[in-house]
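In what follows, a single structure is set out as structure tokens and then discussed.
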Amino acid sequence: MEVLWAPWRMSYILGNDKADGCIFCLATDGVGADNLVLGVGRSTLAMMNKYPYNNGHLLIAPKRHVAAIDELTEEESADLMANLALAKKALQTLMNPEGYNVGLNLGRVAGAGIEEHLHFHIVPRWGGDTNFMTVLGDVRSVPEHIEATCEKLRPFFKNIR
Ligand SMILES: [Zn+2]
């Protein structure tokens with residue numbers, strides 16, 4: 001079986017998994033990761049995945065550099081869930097997907113590319129896109145440029161919690 005979220009290994013190879021080069025920590029300033037940041041809330045942030053598995057593949061993370069789900073504060077947990085719902089609503093409005101994969105990869109063995117900074121993936125799905133599990137090891141062609149998608153999604157994250 002191929003490693004889940006394999007493209008994230010690129011960040012690892014490039015040394016971006018260190019706190020001082022952590023894409024999520026950089027994104028807390030509203031910059032970084034080629035400015036794929038969608039919004040920064042009080043304790044969390046949302047950004048596009050630079051290595052998406054489908055058009056509209058988003059990441060929701062706490063602003064704090066924290067790896068373990070049981071180290072999240074109640075506020076962070078609540079904000080993460082609220083922003084997952086916000087992301088789903090935004091994607092639904094903009095792209096009308098038929099389903100979603102939402103989840104966490106905790107630990108390198110589970111496929112986390114940046115295991116030191118916890119982040120939720122939300123991947124919109126359409127009937128006819130490739131089966132999720134067979135997709136993972138492959139290079140996907142994503143029909144819309146990430147930057148274009150980012151620009152369209154950003155207004156929905158004005159009220160990010
Ligand atoms: Zn970080």
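A Cβ is built for glycine as well, from the same backbone N, Cα and C atoms used for every other residue.
Taking TrEMBL as the reference, the stretch among 32-36, 117-121, 142-146 described by the feature motif 'Histidine triad motif' is residues 117-121. In this structure the alpha carbons, written CA, of H119 (active site, tele-AMP-histidine intermediate) and N49 (substrate binding site) are 11 Å apart. Its own atom aside, the Cβ of N49 (substrate binding site) has 22 Cβ atoms within 10 angstroms in the protein chains shown. When secondary structure is read from DSSP and collapsed to three states, N49 (substrate binding site) falls in the coil class.
Here the Cβ of H121 (substrate binding site) has 20 other Cβ atoms within 10 Å, regardless of which shown protein chain they belong to. Taken as a whole, the domain 'HIT' (23-132) shows an average pLDDT of 91 in this prediction.
Cβ contacts within 10 Å of H119 (active site, tele-AMP-histidine intermediate), excluding its own Cβ and spanning all protein chains shown: 24.
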